[in-house]
Amino acid sequence: MDSNQQLKVDDATSDVETQLPSQNGAGEGPEMDGLSLYEKKALLVNRELDSHGMGKYQWYIFFLCGFGYFLDLMWAQAFGLVASPLQEELGFSTSALGNIFSSFSAGLTAGAFVWGILVDIVGRQYAFNLTCLISSVFGLCLGAPSSYNGILVLTAFVGFGVGGNIPIDTTICLDFLPQNRRFLLALLSVFQPIGVEICTGIAYGFIPKYSCNNGRNATPPSCNNVASGQPCCTKASNMGWRYLLFTLGAITLVVFFLRFIVFRFQESPKFLLYRGRDDEAVQVLHNIARFNGRESTITRDVFAALTDENVSTGHHQQVKPTTGAGLNQAEATFTDKVKLELSRYKMLFSGATMARLTILVWITFMFDYWGFSVAGSFLPTILLKKNSAIKVSLRQTYRNYAIIYIWGIPGVMLGALLYQIPRVGRKWAMVGSSALMATSLFLFAAVNTEASNIALNAMEYFFQSMFNAVLYGWTPEAFPAPIRGTASGLASFWGRLISIVAPLIAAHLLATSLNGPLYLAGAGVFVCTVAILLMPNSHMGAQSY
């Protein structure tokens, strides 16, 4: 699908009072000119959902997708918080500290790639539920092993489940939100700092109390590094990090229960239309309308009254159909379907502007994940070491974590606000927040007082949350609906791939320089600033209104 056509489909229906055309005139009107059959149907779906406004179904979807964001950073934060007590108990070297972050990132990478593609092939429904099920099962097991290798394996599987959350949940939310409520895509990210804050609060309750380093002047060595019978950090005296992980696994299971048992998720109508399953799409729209206490005006006859996929109504212009959409997809042979799936990916590079957009989005995600994977993984450890040097206790340090991460919530809210302001919009909100995030990392490397450590870490997390809120909300908007989940998943995949390597490099730097990871993270985030500046203004401007 041409990107400009997609903008027509997504943006032409911002007036929530727009009425659906009559059955006999479904294809009439200037808005239908130049659109393929799939795009016309998608336009009618947009109008139908716009007429509902933010109904009860849309709010359920928003919060359940938000829980996916919540789990994403809740788990990422957990590994940063358990790294030090884990090292105390198991006795691995500082250079090996990055292995747990890279293991999690490897799982996230596989998850982003697999789930991001599957969501456009098998549908949103299965992926929506399976990601939570996988991460909850392995998360509940994560506190059991007593070997570093066992923990690394389970960590990767948790990452595989969690890795699909952002591309899937953003895609699902976008499929059901009214056009004039799309700022809520950015606001989804508010669940991330909430997840971080809850994880930090649980860690504050467990780790200082049930840790080998619980106020003693010197932390006992690992039992793996001393002779039998010598005082050491035992499993029984270091259960805090295990209690934390067991609790997070249980929270993840509750989210799965809410998604799978409590709420009945409907498959995306646009996905069904793209696959030629028009009757099911109509039924979904009627189910949603009934859930919202409304009547749906869409029937199978309304779709049937639209003209041929290759012909525009009005002026009868010949236009290129969306690859594999509608009945073309349903009636194709297996071989043709495989070819159509492969050709669908060409949409990412259909023209110079779209190719430029795709490449720059990939670069942005790669260096964004480079920066925040290093920051998220190592800032807790660096802050702990800096605080130790100025005689700040472990309990105070974990209390400071809670103060720092609460600032992510107003960061997301500011991002969502700027998302809607025409003179700022997506582009300049991302440019400003990424540049200030990088600046805060460099400043943190230069100072070491308790007040400055709290302030600069809070500043970093504020702008990190703001940047990611806008980036995650805008990315699926920039791509056509049939490739939307895949595009978001691939962007996340490249970011996750880089986040495997970054912690390994940062761990080696940390072994020789406490501030080395901070410079590494800051430099990566500045690359994001440059990439955003080079983004095509046509895509940014069109989506900012």
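Including glycine, each Cβ sits where the backbone N, Cα and C put it.
If you check TrEMBL, you get these features:
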type: REGION; residues: 1-32; note: region 'Disordered'
type: COMPBIAS; residues: 15-25; note: compositional bias 'Polar residues'
type: TRANSMEM; residues: 57-76; note: transmembrane segment
type: DOMAIN; residues: 61-540; note: domain 'Major facilitator superfamily (MFS) profile'
type: TRANSMEM; residues: 96-119; note: transmembrane segment
type: TRANSMEM; residues: 126-145; note: transmembrane segment
type: TRANSMEM; residues: 184-207; note: transmembrane segment
type: TRANSMEM; residues: 243-262; note: transmembrane segment
type: TRANSMEM; residues: 402-421; note: transmembrane segment
type: TRANSMEM; residues: 428-448; note: transmembrane segment
type: TRANSMEM; residues: 454-472; note: transmembrane segment
type: TRANSMEM; residues: 493-511; note: transmembrane segment
type: TRANSMEM; residues: 517-535; note: transmembrane segment
Same-chain residue ranges lying at least 6 outside the transmembrane segment (96-119) that approach it to Cβ under 8 Å: 75-76, 79-80, 83, 86-87, 126-127, 131, 148, 151-153, 155-164, 166-168, 171, 373, 377, 381, 485-486, 488-490, 492-493, 495-497, 499-508, 510
Among the ranges 57-76, 243-262, 402-421, 454-472, 493-511, the one whose Cβ pairs under 8 Å to the transmembrane segment (184-207) are most numerous: 402-421
Proximity verdict for the transmembrane segment (243-262) and the transmembrane segment (402-421), three or more C-beta pairs under 8 Å: no
Leading contact stretch, 126-145, 402-421, 428-448, 454-472, 517-535 vs the transmembrane segment (57-76) - CB distance under 8 Å: 126-145
Non-local residues, at least 6 beyond the ends, that sit with Cβ under 8 Å of the transmembrane segment (517-535): 356-357, 360-361, 363-364, 367-368, 370-372, 374-375, 378, 382, 427, 430-431, 434-435, 437-439, 441-442, 444-445, 467, 502, 505-506, 509-510
Residue numbers, six or more beyond the limits of the transmembrane segment (454-472), whose CB comes under 8 Å of its CB atoms: 166, 170, 185-190, 192-193, 196, 364-365, 368, 371-372, 375, 379, 383, 400, 403-405, 407-412, 414-416, 418-419, 426, 429-430, 433-434, 436-437, 440-441, 443-444, 447, 528
